[in-house]
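Annotation source Swiss-Prot lists Mg(2+) 4 binding site at ASP30, SER45, ASP75, citing similarity to another entry. Residues annotated as Mg(2+) 3 binding site in Swiss-Prot: ASP30, ASP75, ASP212. Taken from Swiss-Prot, the feature Mg(2+) 1 binding site applies to THR46, ASP47, ASP122, supported by similarity to another entry. For ASP47, ASP75, the entry in Swiss-Prot reads Mg(2+) 2 binding site, with the evidence type similarity to another entry. If you look up Swiss-Prot, you'll see HIS54, GLU263, TYR319 marked as substrate binding site, on the strength of similarity to another entry. Per Swiss-Prot, ATP binding site is recorded for GLY121, ASP122, ARG146, SER214. Marked as Mg(2+) 5 binding site by Swiss-Prot: ASP215.
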Amino acid sequence: MACGEFSLIARYFDRVRSSRLDVELGIGDDCALLNIPEKQTLAISTDTLVAGNHFLPDIDPADLAYKALAVNLSDLAAMGADPAWLTLALTLPDVDEAWLESFSDSLFDLLNYYDMQLIGGDTTRGPLSMTLGIHGFVPMGRALTRSGAKPGDWIYVTGTPGDSAAGLAILQNRLQVADAKDADYLIKRHLRPSPRILQGQALRDLANSAIDLSDGLISDLGHIVKASDCGARIDLALLPFSDALSRHVEPEQALRWALSGGEDYELCFTVPELNRGALDVALGHLGVPFTCIGQMTADIEGLCFIRDGEPVTLDWKGYDHFATP
């Protein structure tokens, strides 16, 4: 049976979450009507994902829905925000009901996990792409930003950057991993990244700055450096690698992927010396490793990478949509 735009929305995307009392009116009218809780600041982020650019054209729709939402959740995590609402503008080449069912089921599984509600959006015909607008709340005056780092702050990352780039390389047959368990782990790190929502919330009163690693550590830490007007010194020997990555990738390639591979969606953040003990307590029970990799400083500009005690020059760069190939 043919499925028009409005029946498509009703069948696959109009799923009300009654637990969200801040939504007066969701899908079905010209606008959503929403209430911002008292003493909360609204945090908003938007991402566009295009087939062949941000994801492989033959990706499983369940993985696509998960990743599309997860990367937006990662932006909220970087600000220390609580997830609340989502808008979705979806462009489809045709109506494939099996594809839509898999996509929407996966999307709502993750929405429900974070007690979020889809409040509106749009559908149209064209090459496969989507734009998501995510909304969350952060207590007034407690949001994490890129601009708060101070000289002397210690620089940390969660998880093990570089895994996502390795997973993509496996999917593109650029990396051969014979161990099925390791291959599955790395592919999952690319297709289904874990937004560090709890870590971001725990950092509200501990970190001076934070950012999520979407374009690679070089690029993203560079944003903190620029916004905070101070330098950063990184000890390459301190960068954490997963066992799966270390077993199948040469050290220099692992380092390159960790610094410039992108799409890890871990958090990079800076913490003053005074808060390091509290940081261990706040993040230590959340089940995700976090590693100190360097220090912010006033005596250099930009990023300085140290190997065996000496500065080294790296010509790697993070991902840039408009960079000249």
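Backbone N, Cα and C define each Cβ position, glycine as well.
Since the structure is predicted, the reported quantities are computational estimates derived from the model, not experimental observations.
Of all Cβ atoms in the protein chains displayed, 18 besides its own lie within 10 Å of the Cβ of GLY121 (ATP binding site). Non-local contacts of SER45 (Mg(2+) 4 binding site) by the CB criterion (under 8 A, 6+ apart in sequence, same chain) comprise ASN72, ASP75, LEU76, GLY133, ILE134. Among the binding-site residues ASP30, ASP47, ASP75, ASP212, GLU263, the residue whose Cβ has the fewest other Cβ atoms within 10 Å is ASP30. Taking Cβ-Cβ distances under 8 Å and a sequence separation of 6 or more, the neighbours of ARG146 (ATP binding site) in its chain are SER209, ALA210, ILE211, HIS223, ILE224, ALA227, SER228.
The Cβ of THR46 (Mg(2+) 1 binding site) lies under 8 Å from the Cβ of THR131, LEU132, GLY133, ILE134, each on the same chain and at least six residues away in sequence. The Cβ neighbour count for ASP122 (Mg(2+) 1 binding site), using a 10 Å radius over every protein chain in view, is 12. Within 10 Å of the Cβ of SER214 (ATP binding site) there are 21 other Cβ atoms, across all protein chains. Note: the Mg(2+) 1 site is recorded as THR46, ASP47, ASP122; in the same chain, THR48, THR87, LEU88, ALA89, MET130, THR131, LEU132, GLY133 also have Cβ atoms within 8 Å of that site's Cβ centroid. Cβ packing within 10 Å was compared across the binding-site residues HIS54, ASP215, and the lowest neighbour count falls to HIS54. Spread of the ATP binding residues is 32 Å (greatest Cα-Cα distance among GLY121, ASP122, ARG146, SER214).
Nearest by CA distance to ASP122 (Mg(2+) 1 binding site), out of the binding-site residues ASP30, HIS54, ASP212, SER214, ASP215, is ASP30.
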